[in-house]
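Student: Copied straight from TrEMBL:
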- 15-27: compositional bias 'Low complexity' (COMPBIAS)
- 1-33: region 'Disordered' (REGION)
- 130-164: repeat 'PPR' (REPEAT)
- 198-232: repeat 'PPR' (REPEAT)
- 560-594: repeat 'PPR' (REPEAT)
- 631-665: repeat 'PPR' (REPEAT)
- 697-732: repeat 'PPR' (REPEAT)
Amino acid sequence: MFPGRSPTKALHGNLSRSLSPASPSYSELFSPHRRGLHRSGGSMLFSAPPYDQRHGRSYGRRREHLLLRLDTYSNFSLPSSVASKPLHALTITTGATVPTAFYNNLISRYALSGELTVARTVFDEMPGRNDVSFNSMITAYSRAGHMGESFHLLSQMMFSGLRPTEFTFGGILSSLSGLHHALHLHPLILKTGLLHGEPFSGTTLLGVYGRHGRLDDARKIFQQMHTKSVATWNSMLTEFSRRKLSKDAMLLFKELLRTDIGWSEYSFLGVLSAINPSDGSEFGEQLHGLAISSGFDSYVAIANAIVNMYSSCVGICPAERMFISMSGRDLVSWNTMIAASSKSDRPVHALQLFSMMSFLDGFLPNESTLAIVVNTCTHLMMPEFGEFVHVKAIKLGLDMDDFVVSSLVDFYGKCKSLEDACSLFSEITEKNVASWNALLGSYSFKGSRYCIVLFQEMLRLGFRPNEFSFSSVLKWSSISELLQLHSLIVKMGYDSNEYVCCAITASYAAKDEAYEALRFVNSLVSPLSVAFANVLGGIHNKNGHYQETKRLISHLQGPDIVSGNIFITACARSGDYEEAFQFFKSMHAARGSPDSYAAVGLLSICTKLNSLVLGSLIHGLMIKASFDSFDVFAHNVLLDMYAKCGSFEGAFRIFEEMDERNLISWTALISALGLHGFAHDSLKTFKQMESEGFWPDHVSFVAVLSACRHGGLLDEGLSLFNRMKSEYGVEPEMDHYVCVVDLLCRCGQLNEAEHVISSMPFQPNAEMWRIFLKTCRNFASTEM
């Protein structure tokens, strides 16, 4: 079986050396201070006088003491393998009859010490074997990864007439790395009746199927088991938790409560980890109450899971209350709360918690803490705090940790400069896919096509890209590069990855290849996920297929916030205003607060309906949700809504409250001033906008020319129109010509208006003719 010299001779040689009184193993085994056996009634074993090397000891006396030792070690676990060798040697040299239990203990001790060859020699040469002997050796081989030897011994065990026990199968199943061995053992476990008679084999088999994605088989085993332990229930809860099957986990936990088995800490952890926001907030609160009444809330791991549950299902405030009320916190508690805060509407609070953790509880951050905080700094665009965290990571020796350094590369690329990101990236001695993705993401974020070059370099150096690598480069690829990337994605097997498929579809659509995008979607066999449906809905909206969008989203089983935003946008553009508000009402009831983009979609509807009441109501919900204070886009839409619904005071108040303004903000205010008759103020605001460093675009000129048109500012309007191209480089379009013609007509300059119309580089539209002909009629100049 094993090459080399005879295992028996080798073993005898090794054990003979162990018999020397100078050997450490001799001292450990025969020392009167040997622990464990003194307490277990074995003190008599060590009371014999020491071995007299000069005169020896009578064979009978040594045999008597040996038998006492063997009897003791048959009932109690052996000491270390080093200390076990003298006893083993004595059994060989004295020829004493040794109990089978002693041999079994000896096999286990050698196996645990990694001496598998010696353990097998003992097994092969022991005079009689029982099921424990086989189980010990089978478990030893399984743990060492020698599955062939394990199955060979299992066959030998059954051939010898011994019946496999739960420990036989448990030893193999708990060490399996593949599924095929479990598929062979499953019928045998059924045949021996162990699946129905005791819980250990079924629980272990259930876990193997679950780990390898065979959830239906795991469910079937769970249902077939007549006897279940709490470990069986926990194993099934863990599988549901791993897949976020919250409803299944909740039903199973309720069923567990109705049994007399009881529950453990891991039962709570399993069901708490499975709960998701869509259907678990009330049940999560009930679990919290049950944990308090049963005393499990004092377990730090369970308290951490409750904090995480509250943050994801209810809100950051109850999570924070739970965190503060914890009697004891560990580093996981702080990381959980920091991560929850970073994802909330108060991400700055995550940085405050990071600053407090060492002061309040004396915990130093680990790599997970640092990565979360660096990512938060990136999201908030806070370069100073991010650099402070970098210094902290260097002091703790964690700056080159895979997670931390990847987060730092991403941070420097997005918050500082690409040069800083490249400099840090070059310092990484052992680069991996995560660090490459961080650099690719930085270049992609800055809109640089150099990410394509980096991607090619990554491939050249032998790094295998993942879904995040592809999503960074797909966005900025040309159509020819996109086709090549698509081919590579199929070749590498990522064409079934949801994240990559969404990126491919969005990339085709962004390059005006909607047909290719839809053709790719139709080629997918599996049902569309929520994320994929959202991408497809966005494409339909972009191409004006609003009814298709509504049909797609309405058929989703669990639409998310993005789905709702896409649906509301489709309703707003197709004129189905009432349907949009009904959908928003159901979203608000389910989630408690509106999303910024959903609110913006409804505000655009309020503007079209000229409904200040509805617009003010949506604004109130936005204030309650606490996101209007930092969303420039939402502010701009609010300003436009108030202006067009007749409340200039509301529009101006929004503009004044804005911490950050962009060109759209200034343009909206200029338009509002013009609409409400403040033409001169509109011109002043236009000049102020220029002084603030904002360069007007064609929309800005439409706004200011409209103000001149409504205010009758002929000279100012014509001056701006004439300077558009020469000073600002903005080519006049139809909207600009309409404003100028209307301005001239209002001021009675019909000849000049006719001249502008005739000198246009394109044909006048219907609106321009209507303005001109109406003015001609009013002035009775029909000859023109």
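Each residue's number is its place along the chain shown, starting with 1.
Quick reminder: no glycine exception, Cβ is built from N, Cα and C everywhere.
Could you tell me the structural context for the features on the list?
Tutor: With a threshold of 8 Å between CB atoms, the same-chain residues lying at least 6 positions outside the repeat 'PPR' (130-164) that come near it are 100-101, 103-104, 107-108, 111, 116, 119-120, 123, 171-172, 174-177, 181, 184, 188, 192, 194.
In terms of DSSP secondary structure, the repeat 'PPR' (198-232) contains 26 helix, 0 strand, 9 coil.
Mapped onto DSSP classes, the repeat 'PPR' (560-594) shows 29 helix, 0 strand, 6 coil.
Per-class residue totals from DSSP over the repeat 'PPR' (631-665), listed helix then strand then coil: 26 helix, 0 strand, 9 coil.
In the repeat 'PPR' (697-732), helix, strand and coil residues by DSSP number 29 helix, 0 strand, 7 coil.
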Student: Taking a Cβ cut-off under 8 Å, which residues six or more beyond the ends of the repeat 'PPR' (697-732) line up next to it in the same chain?
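Tutor: Counting only partners 6 or more residues beyond its ends, the repeat 'PPR' (697-732) has Cβ contacts under 8 Å with 663-664, 666-668, 670-671, 673-675, 677-680, 682-683, 686, 689, 739-740, 742-744, 746-747, 749.
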Student: Between 0 and 100, where does the mean pLDDT of the repeat 'PPR' (198-232) sit?
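Tutor: The predicted confidence over the repeat 'PPR' (198-232), as a mean pLDDT, is 85.
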Student: Where DSSP helix means H, G or I and strand means E or B, what are the helix, strand and coil counts for the repeat 'PPR' (130-164)?
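Tutor: Summed over the repeat 'PPR' (130-164), the classes give 26 helix, 0 strand, 9 coil.
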